[in-house]
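Okay, structure first, notes after.
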Amino acid sequence: MAIKSTEKHTPMMQQYLRLKSENPDILLFYRMGDFYELFYDDAKRASQLLEISLTKRGSSAGEPIPMAGIPYHAVEGYLAKLVQQGESVAICEQVGDPATSKGPVERKVVRIVTPGTVTDEALLPERFDNLIAAIYHHKGQFGYATLDITSGRFKVSEPNTEEAMLAELQRTAPTELLFSEDFEPVHLLEKRNGNRRRPVWEFELDTAKQQLNNQFGTRDLVGFGVEKAEFGLCAAGCLIQYVKDTQRTTLPHIRSIIMDHQDDSVILDAATRRNLEITQNLAGGFNHTLAEILDHTSTAMGSRLLKRWLHQPVRTHDVLNQRLDAIGELKESGLFADMAPQLKNIGDVERILARLALRSARPRDLARLRNALQQLPELSQTTQEFQQDHLLTLAASAQPIDSICELLERAIKENPPVVIRDGGVLADGYNEELDQWRDLANGATQYLEKLEQEERERHDIDTLKVGYNNVHGFYIQISKGQSHKAPAHYVRRQTLKNAERYIIPELKEHEDKVLNSKSKALAIEKRLWEELFDQLLPHLEQLQSMANAISELDVLSNLAERADTLNYCRPVLTKETGINIEGGRHPVVEQVMSDPFIANPIKLNPDRKMLIITGPNMGGKSTYMRQTALIALMAHVGCYVPADSAEIGTLDRIFTRIGASDDLASGRSTFMVEMTETANILHNATKHSLVLMDEIGRGTSTYDGLSLAWASAEWLATKINAMTLFATHYFELTELPNLFTGLANVHLDAVEHGDEIAFMHAVQEGAANKSYGLAVASLAGVPKSVIKKAKQKLQHLESGQVPVPATSTTVKEEHQLSLIPEISEVEEALAHVNPDDLTPRQALEELYRLKALL
């Protein structure tokens with residue numbers, strides 16, 4: 001919007017342009033009566049994003065003004081749509097009195113709604129965190145800060161590589177991300193909504209320290225343990241400045257900053273989070289994820305805490321055993337069943353407290369807070385039976401807070417209106433002065449009923465009624481048929497089609513008295529409402545501790561219920577390297593299968609650090625690998641696991657290289673994606689890592705693929721010594737255990753019955769003898785005639801009777817690996833086919849290609 005001067009514009013438009021110049025990069029909702037209106041480029045953009053009409057509102061400076069508008073009462077729904085698309089909005093309200101204003105009514109921006117700083121219930125995902133983050137980069141090092149404004153949770157970290165930074169962005173998934181104008185690795189910001197460019201000076205260290213000390217009321221940051229994290233502090237300083245600018249109020253619920261140390265967590269990179277489908281499936285949904293199975297929490301704040309645990313598994317055994325002990329007690333005592341309904345009635349206190357801190361809480365927020373506090377005595381009765389130390393600590397923080405509960409019981413009506421604007425929120429008896437003015441206003445109703453009856457009888461007019469509207473105030477209405485009976489002192493105020501309306505001095509006097517008492521009562525109520533915040537805010541820290549304790553009790557109670565219902569066992573955590581699972585099951589697959597799940601063991605230790613896994617397509621190799629990783633992850637969350645028994649050793653990272661698809665947006669092929677993920681593993685895995693490798697090398701020629709798979713497996717086994725599950729269709733790799741120590745072959749078998757195949761899904765020692773590719777192709781619906789032809793050709797290939805076209809020229813491949821027998825072009829092409837990855841159309845095209853090679 002290029003506006004050089006505002007002088008040629010109307011006074012109202014001059015006011016709009018001034019406010020817009022103060023908020024140039026975001027949409028401005030400009031209040032006009034019962035509408036919020038947008039002009040110029042904002043109007044065009046809003047009409048596209050919200051699918052609303054784009055019109056014109058007169059002209060200014062000789063040009064028509066593009067305009068779009070939305071009703072003020074529907075603003076929350078439109079804000080939700082914009083926030084979901086990564087947009088920010090400045091809300092401009094009328095703050096002046098139209099009756100006393102000369103020129104346009106005074107307006108100002110009262111709040112700025114951004115994706116990462118929303119606190120309104122209607123704009124937030126209930127069971128997921130809503131984070132705002134800031135990222136700082138300097139000479140290959142990163143600083144990263146995140147804030148959940150709905151809880152005050154403020155964290156900082158310093159990822160030391162782009163790969164680690166990308167993993168943090170994937171884990172935290174901020175809805176809004178601040179970065180400096182000179183930020184270099186911009187590819188990290190691609191495919192994201194809510195990116196916000198900020199001035200470089202906002203990331204300066206001295207400015208950041210000053211901002212943070214001002215927020216926390218401290219002289220330095222030593223007490224928080226973050227004083228040496230200079231890059232992280234640069235990001236945190238920008239973040240806290242931005243939040244203050246948008247909220248336009250103090251932030252009393254943000255009282256500390258926490259350093260996230262990588263050494264404390266089991267690190268999951270972006271590919272691993274995606275492949276394990278922790279909280280999001282491969283299609284981007286929530287169905288059939290680990291969180292869907294484990295999250296039966298009673299409160300939304302408990303649900304959010306559980307997801308944080310799942311995305312940040314910890315390595316500290318003391319913390320994990322503390323959680324496991326608590327779950328064990330709740331499970332064995334059956335107390336989880338008593339706690340669930342009590343917790344459900346408490347609700348999402350965490351976010352109510354954030355709105356209280358920002359003084360944006362609505363009447364029903366405080367009513368819900370009151371209702372939550374009323375549940376604590378019953379919950380306290382249940383928690384008295386706790387014996388485990390951590391449960392007792394949580395129970396102590398979740399004790400009833402009688403003073404706050406009593407205050408809210410006295411102050412707030414049982415079912416208050418949505419907003420304070422029209423009053424009727426504070427309970428009768430809370431304030432004597434308010435009651436007196438309310439009584440005066442309410443007594444008016446009785447007076448009017450009495451006046452109506454007296455006037456009707458005095459003048460013998462049975463259609464006479466006393467009424468009120470906002471335009472004409474109080475009036476006496478008489479039907480047209482009886483209007484001739486109206487006495488002389490009745491002054492006509494309004495003529496309707498079927499009635500006449502009058503005013504009398506007595507009624508006018510009463511009107512002034514009533515309106516004055518109502519406005520006086522409303523003014524007192526609004527003042528008392530603000531004073532109520534002043535009484536509650538000193539208790540904010542205690543209330544937040546209570547909310548945090550209830551969240552964790554909810555998660556632990558939920559995990560106890562899941563362990564009991566789903567027949568999970570307690571994992572044993574050891575300091576040694578290794579994984580030993582008996583009767584392991586995939587937590588998600590076993591719940592969605594109609595047939596019984598086949599449980600399988602796994603044993604990994606320094607003498608058996610790599611398993612070469614072979615077997616048919618659809619035989620269960622990927623499921624077996626994923627269930628191992630998920631059980632290890634669940635153990636490091638501190639919850640029970642789907643197994644008969646599980647012994648889980650020290651883990652620093654979990655890597656997965658399972659499946660791949662073209663990354664067309666970045667110009668990367670399937671094979672390029674596969675090799676990038678493999679390179680990441682080979683560079684970053686350690687002897688304490690768990691590595692899952694599935695079908696390495698299948699995206700290129702047989703020789704290249706086998707060479708890469710062999711070399712990768714050998715490197716992991718001999719140089720890194722990582723605990724590795726290596727699934728492959730290259731049967732040549734089953735020779736590896738004969739060449740190197742610490743490797744073993746296992747396979748998943750299948751049984752053929754004529755033309756049918758039955759997958760056993762049971763893991764057995766040793767290598768598989770065939771992959772049953774044609775049987776799987778038949779199951780996939782490849783035409784029987786094609787399968788028949790393929791069987792014939794397979795027999796030819798296996799017997800070496802491969803016809804060579806007269807026109808073909810045999811080219812001997814140089815530098816062939818000694819372990820690979822010389823094979824024909826058709827044989828190579830067949831080995832490269834993986835029916836699991838083919839659509840019916842692709843399968844048909846592949847068969848045509850095979851035929852052309854004969």
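Backbone N, Cα and C atoms are what each Cβ position is placed from, and that goes for glycine too.
Fair warning: this is a prediction, and the values are worked out from it, not measured in the lab.
As recorded in Swiss-Prot, the features of this protein are as follows:
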- Gly615, Pro616, Asn617, Met618, Gly619, Gly620, Lys621, Ser622: ATP binding site (BINDING)
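Annotation note: Lys621 (ATP binding site) sits in a helical segment as assigned by DSSP. Within 10 Å of the C-beta atom of Gly619 (ATP binding site) sit 26 other C-beta atoms, taking all shown protein chains into account. Gly615 (ATP binding site) falls within neither a helix nor a strand when secondary structure is assigned with DSSP, and so counts as coil. A sphere of 10 angstroms centred on the C-beta of Met618 (ATP binding site) encloses 20 other C-beta atoms. Its own atom aside, the Cβ of Gly620 (ATP binding site) has 24 Cβ atoms within 10 angstroms in the protein chains shown.
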